[in-house]
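Input: a single structure, listed below in structure tokens.
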Amino acid sequence: MKKEGILNSELAKIADDLGHTDQVCIGDLGLPVPSGVKKIDLALTRGKPTFQEVLDIYLENILVEKIYLADEIKENNPEQLKILLTKLSADVEVVFVSHETLKLMNHDVKAVVRTGENTPYSNIILQSGVAL
């Protein structure tokens, strides 16, 4: 049994298998998951686990070179955005796209991780970097 790192076996497998430029999405309760894309449903109740809790686990365990966020988060959930941006290293590229574009991008991610988050536009696509 692992005693640290990502303990959830499905989350760990996705993180372990990410190659350079591979992507994983962390989403809120309402984010649709495209047919054929792996869904890891962590939602226990409304609000648990939070988007930030799940994001923290991935940021601690994978090298992220770029993130994608819905542009709508700026106006509709600025506090979530503010907290999120403070967690990123300075070299992470931040790209804002429309929420519709973000949903379309989910067709190409390795997995969508569903949290219990119930605040608007709490969705992110993490793009894996390379440690060379």
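Heads up, the Cβ atoms here are built off N, Cα and C, so glycines get one too.
If you look up Swiss-Prot, you'll see HIS20 marked as active site, proton donor, on the strength of sequence analysis. Residues or ranges marked as substrate binding site in Swiss-Prot (evidence: sequence analysis): ASP28, HIS99, TYR121, SER122, ASN123.
Secondary structure at ASP28 (substrate binding site), taken from DSSP and collapsed to helix, strand or coil, is coil. Those residues of the chain, other than ASP28, HIS99, TYR121, SER122, ASN123, with a C-beta within 8 angstroms of the mean position of the substrate site C-beta atoms are GLY27, GLY30, LEU31, ALA70, GLU72, ILE73, ASN77, LEU102, GLU117, THR119, PRO120, ILE124. Here the Cα atom of SER122 (substrate binding site) is found 24 Å from that of the residue listed as 'active site, proton donor'.
Looking at ASP28 (substrate binding site) and HIS20 (active site, proton donor), their Cα atoms lie 25 Å from each other. Around TYR121 (substrate binding site), the same-chain residues at least 6 positions away in sequence with a Cβ under 8 Å from its Cβ are ASP28, LEU69, ALA70, GLU72, ILE73, ASN76, ASN77, GLN80, HIS99.
Each residue contributes its Cα atom, and for HIS20 (active site, proton donor) and ASN123 (substrate binding site) these two points are 21 Å apart.
According to its DSSP assignment, the residue listed as 'active site, proton donor' is coil. Here the recorded positions are HIS20, HIS99; the one with the fewest Cβ atoms within 10 Å of its Cβ is HIS20.
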